[in-house]
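Report on one structure; see the data block that follows.
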């Protein structure tokens, strides 16, 4: 699933969703320009809440009642993990969604299911997942049971539904026989709710007419909301899906139909579509959709049918064409990368109007937010285009790694999502070879997640399976550690093995475990096998020994270099060095570290730092004017610190001839010094000194690292006297960059060609406007005024729209806000709507922001999938932050009920609204908020709340210790 997804990855609307660590370097400068570049973290993966069921759509006709919700651990149905007594082999599922409400105003679906399973251990009960389903009586019971292949089924004594653990329990009068097969039939009805989970409905307007479709989101634990099933990833089976649907609509599922749809004998206006049997697969990868969508399609040379589906108006305007163009090359790339053909005969990808994740890798039928699949050359920015190709690559990577070979349990989710988050850059780079996408993983994944992983409240990539049980616990695993740290350490592993060797090991892993389940050690073993079958690459330790230190303990090291002696030392890096690390590590927070380096521009031999606190090697010893720089291209997941003299020589090199240091490492110098200063390892003035060369810099990555790093200063000081001198300094530094792009674009009439140039143009304009460059304000006013004169013909180049919209709203009043609101309400282009919706949060008028906050409670105004993002946008505004905080406190119960348990984005809301907290009063407020809402709970935001408390304390301390030095530095350097 995409984050970003998931992550995501990734994928993007708001800078604020990246602001997840108190003294991080990844908070984007403003709500505008990061929209064009970063992955939409709030659209990362989710699963549905586990609260009590909604009102039943039908009255049950069952002989037994729902079980009490108190758990007695001696009873197997009170354990969240399924017993190993029964193993499914196949399902036959028929579903009929009703896309008009019933007499009670509810949308419902009816279904029937037959599951075949084998008894592996003698048992007198069947425990199967079921959630919010009402069963129709079959011979006096909720289900019927029969033997297969000559076995006799025991009689059913009673059945019960256990709400807390989401089980249907069938008590039998006699035990099932070991190695015998059985089939269980059921008929049921459920609500086709708009809750974005399980089998749900999505609504949209086409040509002024309301339309309803039925779709699915099963990951992680919501297939059970659609039909009774053994809903764990290791419980693989085949599935025969049949959909009964209105004859004017199209039915889709993981597989192609067996043949044409046929009329439903009971009602001629309905059709029946029966799909081919799936391969052996996990329940969370199932998908089925009923809609009036249209498609564009093509066949690959290997005869795989590719189809892109979306609303008819979007397809008629060609918005699916870019996705179709890149899907074939990406599938071809991964087939060769994995040395394994694409496992299915078709690849459907569909853009949904309502979808809580960024995308979901359902096998053969990938579902997306519209913004992650559709691209309009007339209104979409380069960031929108990058999002489409990277999210497609992420989801198609899963078709092998995740779908063909699947994790045993959710505690190893990091391997599934981290792998896809790494290779998405490789697949997208193949589809767009001129974009240099592989470099952007450093900014989008490595630096983003370091901000979280440097907290004492972080967690290891891999946890014991026993620590991940409930749906809420599973949901918490879908975080930036799993996605971005997973990607970062796998990239590091691929780098020191070499990509070719890494690919050989992965191919062997996929060939061995096709249609099976694995744990992360299985991958290590196959990489070790690949290593052992060649002699060119030698490691001083096994893959297992190296990598376990990176995945079984949280955090990462800072490597400190003393260039006078050549000594290297390592230490667990914490943004707050006084924070209390309560999680023990059997490796004592020491790592085996791959070290690459250059000395005065010349690359040196590779070096392995053992898991010792201190070592010495002359590679890192300098004399005279020599300087040394570690972690080339930031392939290693660690920070680097140097003695003061070496830092000074690096800064001198940057200010005299910056081209000697690679672009990525110019970004690294800025990023690392700011993180080190945050942790009080180096003076804050050293970090600020690393930005002095920027008046000569025109490359994207160093500027992005600087703006992200300085955005923390903005958060801490935009309510204090420091902000004035800070604005003056940044205005001085960015003016040459603004002038550079003004020149190369012929006064903004042309556009840069490369991806990173376009991103840096966005940086230049956004930063110049934020910090008061007069020509930028004039540019914004002129472009916005031209648009208002003719709203049907927007003259603003898509890359600059977020910046122009936001600044126009900030400079204007009610009239400007209402104009943008009307454009938002009327546009059918999702990427344009996202830009407008974010910009509406830029108002500087309190009453307008409060009105906008109230709109988030009305799904007619703001879609449910966009509520968290909208609240986060408002919170990113220095004026809106306190308003959003008050609103969230007042509406916590409703927000929690709607988003709290299953939404990855919910944690981002807590992070966004608290990221400016830097006073004792705000800390007290946060602690009181926690105390006041213990009964309601915090769901998937629980860990984020603890991190917010930790970050607030760190912010208070940092501001107290650094405010005067920062104020003095900006005053001295802003002239």
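Yeah, the Cβs are placed from backbone N, Cα and C, and that goes for glycine too.
Record check, Swiss-Prot: Zn(2+) site residues include 394, 398, and the candidate from 386, 408, 417 also listed there is 417. Each of 1, 2, 219, 357, 366, 367, 368, 395, 398 belongs to the same chain as 358, 359, 360, 361, 362, is absent from that list, and has a C-beta within 8 angstroms of the C-beta centroid marking the substrate site. Closest in space to residue 806 (disulfide bond), of the recorded positions given as 358, 362, 483, 769, 776, is 769, taking the CA atom of each residue. Here is what falls inside 10 Å of the CA of residue 395 (active site, proton acceptor) among the recorded positions 359, 360, 769: 359, 360.
When Cβ atoms from all protein chains are considered, those within 10 Å of residue 358 (substrate binding site) total 36, not counting its own. You'll find the Cα of residue 769 (disulfide bond) roughly 30 Å from the Cα of residue 358 (substrate binding site). Between residue 358 (substrate binding site) and residue 483 (site 'Transition state stabilizer'), the C-alpha separation comes to 13 Å.
In the shown protein chains, 26 other C-beta atoms lie within 10 A of the C-beta of residue 769 (disulfide bond). Put simply, residue 359 (substrate binding site) is 14 Å from residue 483 (site 'Transition state stabilizer') when counted between their Cα atoms. Residue 776 (disulfide bond) counts 25 other C-beta atoms within 10 Å of its own C-beta, drawing on all protein chains shown.
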